[in-house]
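Student: Below, the features straight out of TrEMBL:
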- 1-19: signal peptide (SIGNAL)
- 145-229: domain 'Ig-like' (DOMAIN)
- 241-278: domain 'Ig-like' (DOMAIN)
- 326-402: domain 'Ig-like' (DOMAIN)
- 413-496: domain 'Ig-like' (DOMAIN)
- 508-526: transmembrane segment (TRANSMEM)
- 591-615: region 'Disordered' (REGION)
């Protein structure tokens, strides 16, 4: 406690030497650097304690001291205002750039080595509040070298920013910082209360070739056109081994079966190479030595080696130049995308290497030799060109065949047709199978069936099965196929359905019955027509008669024939039981037999008109119902009636003229 009090008493005079009253707030760089002949820019700001106070007097001392006797500061005065609140802008080498409120910036130009030391800014406010602020100056004989700053580690391909820093900046003296390495440089100048400096920032992408090289930053005086100072640093760029190569140590050409010696080397590595690796025929082997021996080489694949530190670097591939048959034969196709029918297509035979290089090309399609040549062109490819293609390349060593290239040609449905099974028709009741067959790539994914009326039958599968099939299914059918490229339809194909044996028998029986019915109707029609003709004939006879009429009365009892006169004859027909048959045969009398014995004549003959011709009269009356018959015309033609015939007699002498034919009269009762 006593020591602390003693220390405070010792610090009181020093505190009083710099501040006669409350503390001021003054900001400025602690030390300012320059060299002989340049200038010093002193950024400065202040704040007087209290409110509304302003600066009244300012005195700038060089190497000031505190006089305890006068209780004031003494030293070389570089600047002092003579009147209160009047601050001249320049006195000798010192220029005041501030004001009486908050700015105390100064410019000293030129400066020399003797200016090194301390500046004291003695400031007094209007209320006699005093303050002294000390500022350090460092003026050298020559320009100091700039300071280069680099990242702690630089790796290849890394974007690096290097900084060249100089603790000097003055608006009255121009300088320039320049770099020895190409890149993008940007110069910054700082003039503030925290720092007075000049900085140049160089941005570049580190390369392995930068490793070990010097990076220099120079302070350049553009007025004098000379370098005032410079700084150089070495670049340490971490990088994997560079320019790694595989060296074939065999001098003669290599043939199959030879032994080959190889060596792996590199140009630069940071850090150093620790191990090597070899890549042989696609197999990587980590081997410690940098050399490799291949026994009985029989291939010509690429060989690589790598040199490794933290990173590994591979050499370019080298070929052993071994004589061999063509390698990696393959088919290249253009266009490489989907191939549609009609496209122009080019198949090209390609290979990776051959030794010797003199080769010949051949093509096979589906295993059959096609043509010779490297290119196979199709100006307008068709589905028939699709297939498996092989390319063959040969040289004097041998021949190599490519893998099969399946050439797929895409096209809309084509060649659609309907296949019907069974082929020659089907008997009703059996099964009929219709198949929509065609060619398409990609395959048809939708089928539609149509009948002979072009009506969609709403069946969408490739096969249409009719089970059981009927005669009504007979007709033409066609189908439509659709894939991703289009649609097409088949021509109609006719399905024939035959009747079964049972149907044929049934229909034959119906036909025979129908024929018999037609025949009976025809016969009935003929008879009806004949009957109609008889009726018409009898009606005509009645119209031509002399108006006589007769009646035939129905006789129920069966009668037997009676004796007639010599000139009449009656007969009984037992078949015609329900009819009355009457016949009279009348012959002319000769002179010898004019009189019969007894002198009696046939009464019927007596009743005949002498003018009547000798005829035979025959009448048939058919009875159907009980009643009387009249000689009236029936309303409906019937088969019943009275038949009347007049026949010419067969007498001696000249035959009289008689009408031709037979007249019929039918009377309905």
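Just so you know, glycine gets a Cβ as well, placed from its N, Cα and C.
Note that this is a predicted model, so its numbers are computed, not measured.
Help me picture where these features are in the structure shown.
Tutor: On the 0 to 100 pLDDT scale, the domain 'Ig-like' (145-229) averages 93 in the predicted structure.
Within its own chain, the domain 'Ig-like' (241-278) is flanked in space by residues 208, 211, 284-298, 303-316, 318, 320-324, which lie at least six positions past its ends and keep a Cβ under 8 Å from the stretch.
Secondary structure of the domain 'Ig-like' (413-496) per DSSP, as helix, strand and coil residue counts: 3 helix, 47 strand, 34 coil.
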